[in-house]
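Features reported for this protein in Swiss-Prot:
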{"type": "TRANSMEM", "residues": "23-43", "note": "transmembrane segment"}
{"type": "TRANSMEM", "residues": "72-92", "note": "transmembrane segment"}
{"type": "TRANSMEM", "residues": "95-115", "note": "transmembrane segment"}
{"type": "TRANSMEM", "residues": "125-145", "note": "transmembrane segment"}
{"type": "TRANSMEM", "residues": "156-176", "note": "transmembrane segment"}
{"type": "TRANSMEM", "residues": "180-200", "note": "transmembrane segment"}
{"type": "TRANSMEM", "residues": "263-283", "note": "transmembrane segment"}
{"type": "TRANSMEM", "residues": "298-318", "note": "transmembrane segment"}
{"type": "TRANSMEM", "residues": "326-346", "note": "transmembrane segment"}
{"type": "TRANSMEM", "residues": "359-379", "note": "transmembrane segment"}
{"type": "TRANSMEM", "residues": "399-419", "note": "transmembrane segment"}
{"type": "TRANSMEM", "residues": "424-444", "note": "transmembrane segment"}
Amino acid sequence: MESGSMKTPLVNNQEEARSSSSITCGLLLSTSVAVTGSFVYGCAMSYSSPAQSKIMEELGLSVADYSFFTSVMTLGGMITAAFSGKIAAVIGRRQTMWIADVFCIFGWLAVAFAHDKMLLNIGRGFLGFGVGLISYVVPVYIAEITPKAFRGGFSFSNQLLQSFGISLMFFTGNFFHWRTLALLSAIPCGIQMICLFFIPESPRWLAMYGRERELEVTLKRLRGENGDILEEAAEIRETVETSRRESRSGLKDLFNMKNAHPLIIGLGLMLLQQFCGSSAISAYAARIFDTAGFPSDIGTSILAVILVPQSIIVMFAVDRCGRRPLLMSSSIGLCICSFLIGLSYYLQNHGDFQEFCSPILIVGLVGYVLSFGIGLGGLPWVIMSEVFPVNVKITAGSLVTVSNWFFSWIIIFSFNFMMQWSAFGTYFIFAGVSLMSFVFVWTLVPETKGRTLEDIQQSLGQLS
């Protein structure tokens, strides 16, 4: 859900090699290892949903305590996200993923063996450090190893594995104790740590440090022995040199009229993605079913079943349907489904209609998950990689990523308190935000499908 809950950074997609646009075993292996991190992210994001009731009961946590435990991961993510671009640039993409796994393993172990809220929060915070790095480096790595012809679908494999992690946590959380669940969640981190030794470093990162021989060997591994990688290698070198010349701008250069439109798009989509309530659904799904009087084990299992197929469909649709239609359809769907969820809570207080509450809730939540997945779940990050000029990409990427984590923290921390205030009112607010998202996309977000980065950025600069 997150996306997003998981967070795709700003990368330069200008290189394209006509002779190397094929899918090879090396490319599939490297992508599979990288998106294991996305799976870890999905597990971490949704762990708090099935674990909530037992953790609160066994450790004697209040609603405020558990809200902080759930949201502290986003604070940790916000910290490392602010430096993730620099870290990945200095030590490399693979090494950054390896460090993220170390953080996550420590975090899961701390949660599993916690006997008080302090160690519980420390563990959740370390998970945040790990997924904050993952949210940046995994999409960067995939974008930099994938031929342009397949980049949209491969980039959405992020969303697919996040959804798979969320689904697995929703489903297995019905059968395992929360401590066992935390220990099991550390296993994918260890698997990725080992497998990272068997995949190549990003070709662009190698070019940045002048490692020409390794660059060519890596491209051969990714494109196949029969692939002609000379043109692609030359374009990577040219793009890296251009980035080196033009990326000296800082935060001051981001905030000027030329970049006003891209900045509004970036921050606006991040705010709307979170304020429609997506992080709350992932983090508190079981609690939502419980408070609505529907069995949480059945409800979360239903969500688990639909998440992965939905992500597979979107992965193949993103380069065919266009960004704007999917975003606007997603926004309208979220508006309708949030209203239905709110209506189910409202009807609980009216005896004549209580038998309709559970069916309306299920339809609303299933529709919400489907609607979020087709647009606002992953597409804001795809668009972010396309709208910012080269000279502010790193700065803009850090700002947008940190903003997304911050907006996510606001929703996750405040959700339980909002539900205590008014359950139906909370979802009516989410419905209103989703409607605002439709208007925002309709008026401000351009269609980027099939356009070059130069064309997109030039048109946005003229409008600013």
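Backbone N, Cα and C atoms are what each Cβ position is placed from, and that goes for glycine too.
The stretch from 23-43, 156-176, 359-379 that makes the most Cβ contacts under 8 Å with the transmembrane segment (298-318) is 156-176. Touching of the transmembrane segment (326-346) and the transmembrane segment (424-444) is concluded from the presence of at least three CB pairs under 8 A, sequence neighbours closer than 6 excluded.
Put simply, of 23-43, 125-145, 359-379, the stretch with the most CB pairs closer than 8 A to the transmembrane segment (72-92) is 125-145. With pairs at least 6 apart in sequence, the transmembrane segment (23-43) and the transmembrane segment (156-176) have 3 or more Cβ pairs within the 8 Å limit; the two touch. When each of the listed stretches 95-115, 125-145, 263-283 is scored by C-beta pairs under 8 angstroms to the transmembrane segment (23-43), 125-145 comes out highest. At the 8 Å Cβ cutoff, the transmembrane segment (424-444) and the transmembrane segment (263-283) share at least 3 close pairs (sequence separation 6 or more) and count as touching.
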